[in-house]
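Q: My questions will all concern the structure given below.
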Amino acid sequence: MSDNAALAARVRAASHLTGTFLLRSGRTSTEYFDKYLFEADPELLAAIVDGLTGLVPPGTDLLAGLELGGVPLATLLSQRTGLPARFVRKKAKEYGTRRIAEGGEVTGRRVVLVEDVVTSGGAVLDATKVLRDDGAIVEDVLCVIDRGEGGRERLAELGLTLRPLLTRAELDAAAAP
């Protein structure tokens, strides 16, 4: 079994749920990958970040973790790579700095977004628009799981390259006997 297949099996075993789930896109699904279950396991999270480290494109200036699941990933990835991290809120706070992107300036910097699971890509598209409006150069997105439900294509329409650690096909293959 390859290292990626072994990691897919671990991620699936830790986070795959069945039932009826409402997704951010508004659709319902009978399967769900609960990011909190793989991010709460320190050994599994470390293995995931080890895999993501190799996906960071050359020339990256900053890593930007999307609230909430992308934040622990970006934080550990920052430690492993030495790249500074930023944190992108879903909406600006009404107090303090009132910023959507926290942690420092992004203007003129090549920012790689870090997300947990990509389905339709909606959260990534929202974050990209905000960061680009702030002057960031955003072209790449790392994620742990690409569910293969149109997110990659939607991101490509905005000039984004999705770099998943694991795909839905790999997670499904990990379930096969």
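A Cβ is built for glycine as well, from the same backbone N, Cα and C atoms used for every other residue.
Curation plays no part in TrEMBL annotations; they are all automatic predictions.
Quantities reported herein were computed from a predicted structural model and do not represent experimental measurements.
According to TrEMBL:
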- ARG24, ARG89, LYS90, LYS93, GLU115, ASP116, VAL117, VAL118, THR119, SER120, GLY121, GLY122, ALA123: 5-phospho-alpha-D-ribose 1-diphosphate binding site (BINDING)
- THR119, ARG147: orotate binding site (BINDING)
- 61-153: domain 'Phosphoribosyltransferase' (DOMAIN)
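Neighbours and distances for these, please.
A: Taking Cβ-Cβ distances under 8 Å and a sequence gap of 6 or more within the same chain, the neighbours of ALA123 (5-phospho-alpha-D-ribose 1-diphosphate binding site) are ARG24, LEU66, LYS90, GLU115.
Of all the Cβ atoms in the protein chains shown, 22 others lie within 10 Å of the Cβ of ARG147 (orotate binding site).
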Q: For the 5-phospho-alpha-D-ribose 1-diphosphate binding site, please report the maximum Cα-Cα distance among ARG24, ARG89, LYS90, LYS93, GLU115, ASP116, VAL117, VAL118, THR119, SER120, GLY121, GLY122, ALA123 in Å.
A: 26
Q: In sequence order, what residues of the same chain, 6+ apart, have a Cβ less than 8 Å from the Cβ of VAL117 (5-phospho-alpha-D-ribose 1-diphosphate binding site)?
A: PHE33, LYS35, GLY69, CYS143, VAL144, ILE145, ARG147
Q: May I have the DSSP-based helix, strand and coil counts for the residues of the domain 'Phosphoribosyltransferase' (61-153)?
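A: When I sort the residues of the domain 'Phosphoribosyltransferase' (61-153) into the three classes, I find 27 helix, 30 strand, 36 coil.
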Q: To what whole number does the mean pLDDT across the domain 'Phosphoribosyltransferase' (61-153) round?
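A: Result for the domain 'Phosphoribosyltransferase' (61-153): average pLDDT 96.
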